């Protein structure tokens, strides 16, 4: 249906339009000056985590900080305070992050992801708890790549409350260039900088449209990858 | 059937109407001034802004100079990742391809992510004629669709509407399209956003087909990128079974790494944010995550005609940030509709005439819709010299010249309607080539300061009907320079 003819017509027009480009010129012959910085300033890992927290907060994400010992109680507390009744958990989330007895005490039912969990069913889930692939300090961004502990994209989209855990030791990068270098293009990627927002009314930013309206980011101090 | 741009009047007439609309002017003024200051702040945070800008322009130029190479590389990589690539030479063909793809799914409804290309092709009307209803899900596009209106800004298509008007539109029209607006809806932006959330929720949960554009396509990986704020994009890109993305051929960038430049420039230029709330990147299809079918429709529709123009082709660098609209004194007063296309403002004034060719009085008038103040070039994150292209296009309107239309090189004759500009341009050309005459002319103007007329005589009167003649300073620059520095510059 797309027809080979249109492909050839468009490519033919492109080639005729570029008659002024010397035949011998290869794409790389046209120079791209990359004099920009790969990071904006030098900072220690602690500084990077602090900047990440500040930028996330600036765009109305709620930031918490704890260590591995404190994590289960913090997560259960966040869900309890939210009044969440059901929380979905992606495959591969470390068991140690959630304490079943604390969740039960807070009245939160844990739902494992499965093919049976349709979009419609997911709409009946209040919260989601995930990890991430990395976080970017300079922009206040977390990036999910559907890896272990993150799950398919719908999980972090349909529930209205997203709790995302970032390991400070090995998941915080300084800048956008540093992030792209670590990400795999063949995975579905979602970059998240604060909760859903819009500038569509009088070009002023208001939070909360279709995506999760509450984003809570937990900066996890500790030893690094398990 | 929604309104279309077909038969729009030439810019001066449409602009004159808009400048008399006090509500429109105050809405535009408030919105553009808000974003202007915030953009400047966001840009100032990056000390290497100029270096990023230079890199972006060079990446786009490299891509454009070898567009055939990058398009075929992109096609290969999208196909390898499980996507299907379609080619559309013009708007009708793109609409036909999308309509057939939707029909093949058996669905009669699609959800849409805001997309400039499908505005350009008039896709929604084409789908409607085929009995398929398209639901716009971006908040501003929703406002425009509900009001049976036209977009007037690249980023915020409903920028011409204030919060009170938006409340009325939601209250009066939402029920026609689905879930009605909540009882007692106020004009608080947060309440309006909540009303949009409730209205569209059911559509997202049940939609089987989505249509989107893309901000970037990475040739070496086959990755598509959509940058957004609300999460409606994520909904459309993730939940349906079939995703159809209609993207202009100039949206390709060579390498994954190139995104590091554009993802720093675009959010700060457009919404004045360090980063927009959501960016989605996908490469073909993934098992058990997102759509099972991905179709990429590559759209020409006049882009190759612009590419054939060595001066004009820089307009194809555009990443649709809309910074040039927000700083433009003409846009602020005339509003977006006067530009007669989905691409308003300075970028529209150079893009529309090139994409459509010398089709009508509108396309001829657009290059003149500028004071050449240069603010657009200053803020452009890909360094498009908009004033340079405007002058180039003005010259072609006034003098005639070579132009490529639908792939065919032709000569256009000087436009009858622009005899005044032609005279002015020839005179300017002659004076700039004769510095002695320039000095004399300027000195004469200086002596005639007190005699400055309100309206120019003769055929030039038409010019001053819509323009204030500039105030002349007491002393000319040349006189001031020779008085303070000695030699004439």
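Backbone N, Cα and C atoms are what each Cβ position is placed from, and that goes for glycine too.
These come from TrEMBL:
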- A:1-38: compositional bias 'Basic and acidic residues' (COMPBIAS)
- A:119-220: domain 'LUD' (DOMAIN)
- A:1-40: region 'Disordered' (REGION)
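Within the same chain, residues 175, 177-178 sit at least 6 positions outside the compositional bias 'Basic and acidic residues' (A:1-38) and bring their C-beta atoms closer than 8 Å to a C-beta of that stretch.
Counting residues of the domain 'LUD' (A:119-220) by DSSP class, helix then strand then coil, yields 19 helix, 40 strand, 43 coil. Across the compositional bias 'Basic and acidic residues' (A:1-38), DSSP helix (H, G, I), strand (E, B) and coil residues number 17 helix, 0 strand, 21 coil.
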